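Since the structure comes first, as structure tokens, the remarks are kept for the end.
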DNA sequence: TATTGTGAACTACTTCACAGCA
DNA sequence: TGCTGTGAAGTAGTTCACAATA
């Protein structure tokens with residue numbers, strides 16, 4: 001539940017806005033000018049009532065009997081997501097994953113810009129990734145302030161993550177995306193999104209175990225529901 | 001809501017089990033033999049009532065007035081998560097991200113094993129990552145069957161993802177972890193978990209925009225609640 | 001006495017179903 | 001006529017608060 005100005009938007013709705021935006025941009029690329037809640041929902045992987053309800057939290061964008069204009073809805077959602085303002089990222093931890101994240105090409109198109117790479121390992125510091133020099137994490141606070149970093153991506157191992165996160169917050173950053181396998185304890189006004197690849201695999205493993213416990217034999221064979 | 005044998009476990013609970021397991025393994029590493037719901041919850045980043053309620057869906061593991069035995073709870077959760085059985089993974093798409101995922105070192109400890117890397121790009125096929133040869137995605141079905149692959153990690157670009165996912169499913173795989181920025185349409189009995197880095201950043205951007213709309217001036221300054 | 005396990009209350013989210021409107 | 005926008009109903013998830021008990 002997130003307050004923005006007068007209105008309140010459910011967190012679950014916010015988490016789906018990126019899907020809608022992605023689908024709308026695909027439509028633009030295909031040269032489609034108008035769409036409906038059912039088409040857009042289908043492309044986004046949600047139900048059409050869900051989509052209409054989600055949009056209703058932000059305002060009223062469609063035309064009854066007709067649908068939505070792709071361009072205007074797309075710009076509206078992009079604006080709601082705060083794209084358009086420039087978001088300056090620092091990536092802390094330039095191992096396998098940090099390296100891959102630095103090289104990810106989708107940032108620019110979406111209003112994000114990587115302005116610093118930091119690591120603690122002397123073997124990595126001084127090197128380059130994606131054309132950016134890797135600097136020592138000791139200078140984290142200075143770099144955040146000088147380069148107006150507004151979001152930090154944590155791609156460090158678990159143990160140093162809490163300490164680095166605290167330093168990041170003390171330097172003024174309030175939005176953190178963490179890939180570190182630990183629960184971060186930070187002030188309530190800091191927003192942390194965590195991505196845990198090992199955890200996702202474990203969730204899949206739970207489903208696989210449930211499937212077997214419920215007695216599915218061969219691939220392709222299905223258990224009749226209830 | 002997931003049925004397993006007699007009992008029903010909320011999906012939200014399943015998604016937290018990996019956090020509990022991680023915290024328990026940290027405790028083991030620290031040589032702690034016994035813990036309480038409040039300590040374990042704190043380490044997992046959830047409330048203690050939440051943790052107790054979650055465990056109650058799986059059974060009754062603690063001792064009133066005392067707490068939980070770390071080792072036995074840890075093994076129980078690992079078993080519930082289907083670790084212990086071996087899970088054989090194929091990674092499709094060996095770009096930056098696929099490469100990083102192949103090199104991720106956390107698999108073995110958790111019962112996962114990468115047994116194939118696949119890509120469509122002739123420049124990548126034949127190369128190696130993490131000591132495994134990259135094979136052509138044309139052979140996907142054969143490789144899945146021959147090597148008993150039970151889970152697939154999709155790290156391809158968006159456009160080919162749907163087609164590859166369908167082939168993966170037709171070869172018998174029912175658990176997919178996707179990093180591709182598209183909604184996959186697959187039969188209901190297939191479990192798909194999606195990770196969308198760009199989407200996560202957009203969600204953070206929404207929070208940043210909300211913060212500014214609600215009038216926060218300088219870093220460190222807080223808006224009083226309500 | 002301290003801490004678990006759990007009904008009950010509450011909150012959040014989703015889906016339905018239809019009135020409203022171009 | 002067809003599709004949006006939205007109250008109302010239904011479902012899922014969280015938190016409370018306390019009885020059970022080692």
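In case you wondered, yes, glycine gets a Cβ from its N, Cα and C as well.
According to TrEMBL:
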type	residues	note
DNA_BIND	B:19-58	DNA-binding region
BINDING	B:93, B:94, B:95, B:96, B:97, B:98	NAD(+) binding site
DOMAIN	B:82-183	domain 'CoA-binding'
Ask   = Under DSSP, is residue B:93 (NAD(+) binding site) helix, strand or coil?
value = coil
Outside the DNA-binding region (B:19-58), six or more residues from its ends: residues with CB under 8 Å to it = 7-10, 13, 66-71, 73-74, 76-78, 80-81
Query = For residue B:98 (NAD(+) binding site), which DSSP three-state class applies?
reply = helix
Ask   = Looking at Cβ-Cβ distances, which residues of the chain lie under 8 angstroms from residue B:95 (NAD(+) binding site) while being 6 or more apart from it?
value = B:119, B:124, B:155, B:156, B:157
Packing count at residue B:97 (NAD(+) binding site) (other Cβ atoms within 10 Å of its Cβ) = 23
Task = Counting other Cβ atoms within 10 Å, pick out the least crowded of the binding-site residues B:93, B:98.
result = B:98
Inquiry  = Can you tell me how many other Cβ atoms are located within 10 Å of the Cβ belonging to residue B:96 (NAD(+) binding site)?
reply    = 20
Message = Return the count of C-beta atoms lying within 10 angstroms of the C-beta of residue B:94 (NAD(+) binding site), excluding that atom itself.
response = 28
Key: Filtered binding-site residues - B:93, B:94, B:96, B:97 - keeping only those with Cβ under 8 Å from chain A   = B:96, B:97
Message = Within the DNA-binding region (B:19-58), count helix residues (DSSP H, G, I), strand residues (E, B) and coil residues, in that order.
response = 30 helix, 2 strand, 8 coil
